[in-house]
Amino acid sequence: MSGAEELWERLVRAALRSERTRAGAFAGAVTGIAGNVPSSLENNRDIDSILRAADEIEDEDPNVSRILCEHAYSQAQNLDPNSEGRGVLQFKTGLMSVIKQKLAKREVGMIDRGQDIARLQEFYKLYRERNRVDTLKEEEKKLRESGVFSGNLGELERKTVKRKRVFATLKVLGLVLQQLTKDMPEEMTRMIESDAAMTEDLIAYNIIPLDLQTITNAVVAFPEVQAAVLSLKYFQGLPSLPADFPIPSTRAADMFDFLHYVFGFQKDNVSNQRENIVHLLANEQSRLGIPDASEPKLDEAAVQNVFMKSLGNYISWCSYLCIQPVWSNLEALSKDKKLLFVSLYFLVWGEAANVRFLPECLCYIFHHMAREMDEILRQRNAQPANSCSSEDGAHVSFLDQVIAPVYDVVSAEAANNDNGRAPHSGWRNYDDFNEFFWSLHCFDLSWPWRKSSSFFQKPKPRTKYLLKTAGSQRRGKTSFVEHRTFLHLYHSFHRLWIFLVMMFQGLAVIAFNDGRFNSRTLREILSLGPTFVVMKFFESVLDVLMMYGAYSTTRRVAVSRILLRFVWFSCASVFICFLYVKALQEQDTSSVIFKLYVIVIGIYAGVQFFLSFLMRIPACHLLTNQCDQWSLVRFVKWMRQERYYVGRGMYERTSDFIKYTVFWLVILSAKFSFAYFLQIKPLVKPTKVIVSMTDNIQYSWHDLVSKHNHNALTVVTLWAPVVAIYLLDIHVFYTLISAVWGFLLGARDRLGEIRSIESVHKLFEEFPAAFMRTLHYNRHDCVLFNAIEKRKTDAARFSPFWNEIIRNLREEDYIANFEMELLEMPRNSGDLALVQWPLFLLANKIFLAKDIAAESRDSQDELWERVSKDDYMKYAVEECYNALRYILTEILQGEGRMWAERVYQDIQASIQNRSIHIDFQLNKLALVIQRVTALMGILKEAGTPEMEKGAIKAVQDLYDVIQHDVLSIDKREHYDTWNLLSKARTEGRLFTNLKWPSDPELRTQIKRLHSLLTIKDSAANVPTNFEARRRLEFFTNSLFMDMPAAKPVREMMSFSVFTPYYSEIVLYSMSELLKKNEDGISTLFYLQKIYPDEWKNFLARIGRDENSTDTELFDSPADILELRFWASYRGQTLARTVRGMMYYRKAIMLQSYLERGTAEDEEAAVGTKDATNTQGFELSPEARAQADLKFTYVVTCQIYGKQKEEQKPEATDIALLMQRNEALRVAFIDEVETLKEGRVQREFFSKLVKADINGKDKEIYSIKLPGNPKIGEGKPENQNHAIVFTRGNAVQTIDMNQDNYFEEALKMRNLLEEFHHDHGIRPPTILGVREHVFTGSVSSLASFMSNQETSFVTLGQRVLSNPLKVRMHYGHPDVFDRVFHITRGGISKASRVINISEDIFAGFNSTLRQGNITHHEYIQVGKGRDVGLNQIALFEGKVAGGNGEQVLSRDVFRLGQLFDFFRMMSFYFTTVGYYFCTMLTVLTVYVFLYGKAYLALSGVGETIQERAQILQNTALSAALNTQFLFQIGIFTAVPMILGFILEQGFLKAIVSFVTMQLQLCSVFFTFSLGTKTHYFGRTILHGGARYQATGRGFVVRHIRFCENYRLYSRSHFVKGLEVVVLLIVYLAYGYNEGGTLSYILLTVSSWFMALSWLYAPYLFNPSGFEWQKTVEDFRDWTNWLLYRGGIGVKGEESWEAWWEEELAHIRTFSGRIMETILSLRFFIFQYGIVYKLDAQGNNTSLTVYGLSWVVLAVLIILFKVFTFSQKISVNFQLLLRFVQGVAFLMAIAGLAVAVVFTNLSVPDIFAGILAFIPTGWGILSIAAAWKPLMKKLGLWKSIRSIARLYDAGMGMIIFIPIALFSWFPFVSTFQTRLMFNQAFSRGLEISLILAGNNPNTSL
């Protein structure tokens, strides 16, 4: 079936579906043909609404439905008569099929279409009458205004939904009537107009309905909103608009209408920014706390705050360029004018599309447009601006005339990057364009744009074969060029390298002088001078080289500085080196030359130090700034550091500077002490001895370079590992010190104080007071004199929040119904004079107290003391005592009440007399409890005559027990009373007047007392669910942490949450949940086994038995939907993220609802029954409106429009999420095909939609874009297009694999107040938030990743923030100062490849623009992480590649240059330096082993050891083996251990760490080391960094051998085997007097690393050692290896295709050179080993080496003969076989001759193999690097054949041990236990999951 037919079939089926759900406003699925209107027709929104109405009235009148469908068809035909738009033909065909279906259902007879209009008019009237239109709205209004709707929520919801549906349908019917006929009766016309006026909320709006009048949305009633709206009104200075300019009748013209008319902004952009400005102003006004006035008026302070925040970057830009802003005097600027400027800026920003990434370009545009506007205001004549008018003046469009030219050139440059493969230096990225506006040259662009400028010059498109374009065809880079080289590390952080080199030199000088400080030592120390200037000269050379490609476009001043510095350091290095050499030649410290040298060095060092002091010490900044007026000072500062627009004033407060300086001084002290005493000093003596051995050293090979140079190579092999460790161990010391510091900071912040559920129980009574201090806004600081009253008030206010937390835990299925009852807290709003605590604290306490009382022989005081030892036992006793009294006095009347009061008075008297144990028989309390329990059990039921009789009987029984068994008091005191009661009892009338409890509060107390007396089991383990416990522990712990005081909701900062989404899983479908993998495991089965308690809770929640099977749920659509959500909430899905983020809205609504008391009556309200009643808070109009004003959630689903068009399930699921979450907004890019001049053209729109009453999308805004917005990295471009739809002062960036919790959402308003707290010299611009990784609960890998991530996002981040002040934005839950960032380039950067780690660049940008990034740990957000090794490796590869790109970036360069020295070191070692040190760690092993190989193969090691016993020096051995510590990951584990101790306790931490070690976490972390090293190094050398989609799924499946081989072959296996070969060479030829033990000690870490790299993927592979799987893997691998491949074949299918893909990253000439140089190391093996063969004896001539190449060539020829292509040899098979036979015989004969006539031995053959294998790999690597050349020479096929042989050999080496272990079943069992220990510890049967439901597993 063709694609068109298939789409048509789907379309018809969708159109004819009858699954319309009419249950509620947001409950229906998108059905019918309305959801399938193609994008090219969607500009006419009438079609969609007409089809929706037709769908709605289908059942009522199919004929009218048919009329509407036909009208929609005619509109589609008019819009696109030739059906040229994408999908239009299919749509029309499907619509016609629907019409035919409707006709087929009609009764027989001809259709009289002439009656359609009359029929439509008749139906209109009938529909109005049937739905009582005239009364609908009035009824809803009355219900809302009554204020009692909370008791009847369903009624309100039904009325609202019904009204919306009815008016939506009427609006469409009226529209169609008006379009069909102009001649309508006047009465009908009036009726339609009247109904249309009542469709207020059918007009799409986002938050604030500004273009319509409404009674249902309480937002517009807020004084601050009204004031903001009024402030934008047309003021006196604005010229009048033309009469024909359209303005809605529901509002007056405002300044946005003026700007709209003048500059031609898009209508939806104007509407969007109007709401944005109103929102900003209203929230700023509310924060001022100004009392409400009768007439709302916007305060000047609110306007000033918004003005300065919004235009702060523009003001700074003007100041930097020394130009006058558009206003001459800021103080004289009126409020109206400020608002006009702010409005203009946001309108420019809102329509700027990709140009938003160029913030200074926006400043330039705003600057000129504001000047144009001023000129129009001066002329007092509203007219279109010249800059936005087309050449003929007929068309006014800001987008086309201003933005499009800039977009076009940016897009053209981006298209020239060859999909990220072109060198960064070959095209201009976003930063290059933006930095053009950092100089006054930008004004050469003129205004309107001078499009002939070179700025707008588009590059010549790259061709396939021509990567370089002519210089005249493109404009160069701006101020920085991202050349791909490791030299960037030196260029950016030269101060660090100079410091390290000079310190090493100085320490070495001191060590070689035996620690003595004399004149000789001084002379040698002074050699630091030449070192410094030479390294500075090297830096200046790099300055010159790195700017290549930008000289033509860079400012002349900047180029002059580079050249001046080059000349200066050239001269200085020559002069100082000359002076020093001369001074050394003098050999006299008193010589003139030496003194001159010392003076020069002293002056230079002094000046350098003084300048550093002035420019880097914060306290001196003001002084240097004041001296800027002196040209000499300006020149010196300019020479030292280039002045950029960003990066100015990057200093911190003096106290902060001192803190991080001390921090680094401690690290440096430890580092240099270690370096001197354990690295440098121990090597001095051995070095001197080796250097002195200059005579008769015997080399076992032909020595080429080591003679007459004091054994330089030997010295290098000894020192190289030490130097490598010297360069990287500073990171180790940083890790240790920062871990300790972070631990102390965490302890100071009170983290981990509540780390168990027992602590929650013990401290619960402190929670209400702590909650009131931190999370609750107290309007009055009133003093309650009664402590009990204060505690009760706190408990009453705390209880609704606590109970909502518990209810949410139940809704999430973490707790059962019974646990919820135990955990809920009483409202404490009744008359009991005590605090009532949750039942889980008081459970079984009554029975324990009863036993104590019954067994006690103590006095009353001693008895009470024993009870009071347990506070909650005391509270339980007090509550039972008081509650029973309250209940009895309420239900008993007359003599019955008298008896109850009499008994309680006697008890009180006994207590006062200390005689309770005498007056009452306490051992009979059990009888009393039984009777009271029976009574409460009856009273809690509904009242019936039978129940009343039972209650009377129960009270009588209670009376009898108390009177006869318990009371021992002297009744003579109150004889009359007792006599009266006795007589009444005897006559049977004592309890006849029983009042059945009807008061809700009383019934609640009865039920609670009954529970207290019936729960006999301890609730010490409640809740039992681990996740519920963790959340409650963290939340309660955070109540005692330091956080800002909560503002009232009205005054809190407003914020948005922003989630980018592409095509990940939204909601698991049933097919996905039930789909089985190869082991027979379905995702649903897996989840049921992993979360058994949550599965049972889910079944209980939907009303099913806990033993119900899956299939029983399938008969209910509602249950199926709930099941899908239950499963999705346990994965990394968008549904989980949306649910979590919508808790913010719920929390704000609850907080707002409970703060509804006014200032006057709040205290009086406390204690009343409805003060803490939260029923209906989610439907309170005021609470909802307040939440809407303070919180917005935008999910930017980039391809949602495309998904809808293709009817993808993701689109349906996103629509479902919108239906279930009315405040959710979805932004997407809509691609529309339009017809222009007969040609189909693509247009792009940025759209925002919400759910409508029909369960479909309602478009709110549609803003046209200048072109395809995705010209850079996908995620930041996705964020950028939608950020215009966010609102508020802050925006929280959330990824779609995150989660949130209701209890954490309650703290959001506290967190937002951090923006106004003191965190340094600058206010915060990004608030860092703690993450909880929720994916670490099952497998060991997930646990390792979770623990590693948790350590980084908690302990690591808190140190980066304080004291180091270098925390950047590491992604996800951070909260941005929204206005600060959107006016400075956005919340991420988007240039292709260079910004692949887009998140961290937001932090770089924020820091460079004088931002301040903090970190806060009293609030947390959930985060999912990858759980399978392959997923983890892909993720780490992406991050490492991203860091490789960061090394090349201008942001890192500027931060490295502009930070002070210590802050620069903090920045380096926590970003790119971490990855460089990781790479150095691996390189240290290589350096060490290649050094050992050199000593072994050359024979030098043996000679030196024989001559002098120096290599057994223990200090030297320790120095050489330092790398062992790095391999076992002990240092990287220290932060993790301290984090465990802080948050889990010492014992649990040790157990956790030991468990991780037993699970081979060291293997995982060592393997991870290789991943980071490979991708980081490869990215800097060759590029190729890209986003890796890891899937984020549940990984329990077995990974095929070949899949692992493909992924890890080049990154781990090749390198691991290289290390193995080195170790074998060292074992075979190395000399160790210590023997085996010495070898093991020196190489154990290297063996561990190599084996980890080779076997970790299989060790952590589920069922990796199961025999059947192993057999299948081998078959699969051989098929893959031997499959030839071809065009279109993927790497997963064929080895050949995969090999080609693996070589794709080597593209540049420099890359080929580097690969060649690196591959030369493989040739050392053959050169060394051939001289060790027995066959050559003692011959060391080069002939031996030459002969070895002859042998290798023969072997290659033999290989080619035996692998000759069968396709080519088909015509001469016989000859080929003859040649192969002869070759084989000759090879055998040659080998025999060699054995007989030479000394060739069997070990020699194996040695030869060991020699030739690395050589062959080296040849292969070089040939692969020069692939184009090899193809030209015709050698490529031969090379490919040899490469296949190598991969087959490597695969077999790895596979054979796996196969051997697979023979033993216990190995598989051990591996399963190792991988899934967490699950075993939770009592889960992992074997069930691994075996699945496969019936053959038992065979």
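Just so it is clear, glycine is given a Cβ too, placed from its N, Cα and C backbone atoms.
Here TrEMBL gives transmembrane segment for one range in the set 831-848, 1713-1730: that range is 1713-1730. Looking at which of 493-512, 723-745, 1637-1660, 1774-1799, 1845-1866 has the most CB pairs under 8 Å to the transmembrane segment (1467-1489), the answer is the stretch 723-745.
In this chain, the transmembrane segment (723-745) lies close to the transmembrane segment (493-512): three or more C-beta pairs between them fall below 8 angstroms, excluding pairs fewer than 6 positions apart. In terms of DSSP secondary structure, the domain '1,3-beta-glucan synthase component FKS1-like' (336-450) contains 80 helix, 2 strand, 33 coil. Sequence-distant contacts of the transmembrane segment (1637-1660) (same chain, six or more residues past either end, CB-CB distance under 8 Å): 1340-1341, 1429-1430, 1482, 1485, 1488-1489, 1492, 1517, 1520-1521, 1523-1528, 1560, 1562-1564, 1566-1567, 1569-1570, 1599, 1601, 1604, 1607-1608, 1612-1613, 1615-1617, 1619-1620, 1622-1623, 1626-1627, 1630, 1854, 1857-1858, 1871, 1874-1875. Contact check: the transmembrane segment (1805-1825) against the transmembrane segment (1613-1631) gives at least three Cβ pairs closer than 8 Å, residues 6 or more apart, which meets the contact criterion. Sequence-distant neighbours of the transmembrane segment (593-614) (same chain, 6+ residues past either end, Cβ-Cβ under 8 Å): 523, 526, 529, 572, 575-576, 579-580, 582-583, 586, 620, 623-624, 636, 640, 1461. Against the transmembrane segment (493-512), the recorded stretches 532-551, 1613-1631, 1713-1730, 1845-1866 differ in Cβ pairs under 8 Å, and the greatest number is found for 532-551. On the 0 to 100 pLDDT scale, the domain '1,3-beta-glucan synthase component FKS1-like' (336-450) averages 92 in the predicted structure. Only residues 6 or more beyond the boundaries of the transmembrane segment (532-551), in the same chain, are considered here, and those with a CB under 8 A from a CB of the stretch are 425, 476-481, 483, 487-488, 490-491, 494, 497-498, 501-502, 559, 562-563, 565-566, 568-570, 572-573, 576-577.
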